[in-house]
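Novice: Pasting the relevant annotations from TrEMBL:
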- Thr115, Asp189, Glu214, Lys244, Asp248: substrate binding site (BINDING)
- Gly280, Glu281, Val282, Gly283, Lys284, Gly285, Glu301, Asn404: NAD(+) binding site (BINDING)
- 24-41: compositional bias 'Low complexity' (COMPBIAS)
- 249-410: domain 'S-adenosyl-L-homocysteine hydrolase NAD binding' (DOMAIN)
- 24-53: region 'Disordered' (REGION)
Amino acid sequence: MCLPITNKYINIFRLTKTGRRSLSHSISHSSTDSNSSGGSDAENPEDEVSPRDMQQINSKGNMDFCIKNIKLADFGRREIELAEDEMTALMALRKAAQGEKPLAAAKIVGCTHVTAQTAVLFETLKVLGAQCRWAACNIYSTQDEVAAALAEQDFPVFAWKGESEDDFWWCIDRCVNVEGWEPNMILDDGGDMTHWIYKKYPHLFKKVKGIVEESITGIHRLHQLSKAGKLCVPAINVNDSVTKQKFDNLYCCRESILDSLKKTTDIMFGGKQVAICGYGEVGKGCSAALKAMGSVVYVTEIDPICALQACMDGFRLAKLGDVVRHVDMVITCTGNKNVVVREHMDLMKNGCVVCNMGRSNTEIDVNSLQTPELVWQHVRAQVDHIIWPDGKRIVLLAEGRVLNLSSSTVPIYVLSITATTQALALIELFNAPEGRYKQDVYLLPKKLDEYVASLHLQTFDAHLTELTDEQAKYMGLSKYGPFKPSYYR
């Protein structure tokens, strides 16, 4: 179902050229995914006191937040300002909205990663007129200094790096369970905020105008609710927008996978044999990066179309069980569950690195490794050795959570594309007239995808060719787009 976009709100934003450690499963499979920009190690002994047990206050006397350390605010503000330099489209949205506030009266409750890049989005939403309350979508995602900077600016944020699972749900609850404040929009990454409201506070959906979801895991959950007739508000699927798939998923992972592996393992890539599970956009990015470094890459895939793409790109298509004995690394990129199970890990050779680049922390069956005969040896932040009785060990990274966002940094510019899409989706859904959207999951229109892309072209001093009237008529297109059909992916 394609989402109509209100020209009014696109026109507003026309730009000038300058323009605690846990191994157990949560009640929600995505709740312990991880995403961090390589901040402080949550396992530092001085960090053992839970923020829930501390009373903190910012310089304005506000206490409506729960973070690691408010004293980190100045450092976090510098991080955010650095991100702003690369996120030019969001900064332009702020400037363009100085007259009209398209999110005035919006009360957005969010559950996403809390990093310098997402902080630019949060503060942009505030400039656009919204009130916001925020929690982190995974237990290792938060840059504590950024959370402090937000709290110092009276932004209600409840997040810190190294939350326990109980902390995780407590933080989400603190965002929702507020006297005298009820959300009317949800911005989610993984579906945990939506899940919690459905479970604990279903009455809140009477005022919620819609949900914007960015992850494949969250989208699956929304579709399940829709099929069961339980989705009571419209939702916008950001994950399947072309800009999200082709830029965030592909280019971000292509650049960050190598950095993540280097920082955690110091591994040499040349000549290594690697199994990449899944050849969607994330798998394509990881495969291309490792191939370029001289690795021998095997791809596993269930979809014959993606499998054929892998073969045409020069990769060896195989079943994981057929290659798992001799590969040096196994990287999951599917968003599914139990892609790598105990039987696979029993067959792996000594020193095999196992990690996940997909959205959900269920791709690697980490629970199956919590047995008496196996010894867990913590080596460094995000690195554990799992030792078998015969002395064999595998190297598990980030406890099976998403690697690049827990162990490294990701390109700010790519995140800007997704964040801009999220902001515009919130604007469209919040301002849509009653009845435009039913209780269903909607795709973003190509017009919005193309608009987001055009905002970011300015960074490159790129100049688009314009159709002539004759050419537009011949192609049956508007001179101003969209240039691709709604089904284009």
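Going from the start of the chain as shown, residues are counted 1 onward.
Cβ coordinates are placed from backbone N, Cα and C, and glycine is handled just like the others.
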Novice: Tell me the Cβ contacts of Gly283 (NAD(+) binding site) under 8 Å, same chain only and six or more apart in sequence, or just say none.
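Specialist: Listed in sequence order: Ile276, Cys277, Val299, Glu301, Cys306, Cys333, Thr334, Met357.
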Novice: Cα distance, Thr115 (substrate binding site) to Gly280 (NAD(+) binding site), nearest Å?
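Specialist: Rounded to a whole number, the Cα-Cα distance is 25 Å.
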Novice: Mean pLDDT across the domain 'S-adenosyl-L-homocysteine hydrolase NAD binding' (249-410), rounded to an integer, is what?
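Specialist: Computed over the domain 'S-adenosyl-L-homocysteine hydrolase NAD binding' (249-410), the mean pLDDT is 94 on the 0 to 100 scale.
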Novice: Please report the distance from the Cα of Asp248 (substrate binding site) to the Cα of Val282 (NAD(+) binding site), rounded to the nearest angstrom.
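Specialist: Cα-Cα distance, Asp248 (substrate binding site) to Val282 (NAD(+) binding site): 9 Å.
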Novice: If you count other CB atoms within 10 A of each CB, which of Gly280, Gly285 wins among these binding-site residues?
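Specialist: Its Cβ has the most other Cβ atoms within 10 Å: Gly285.
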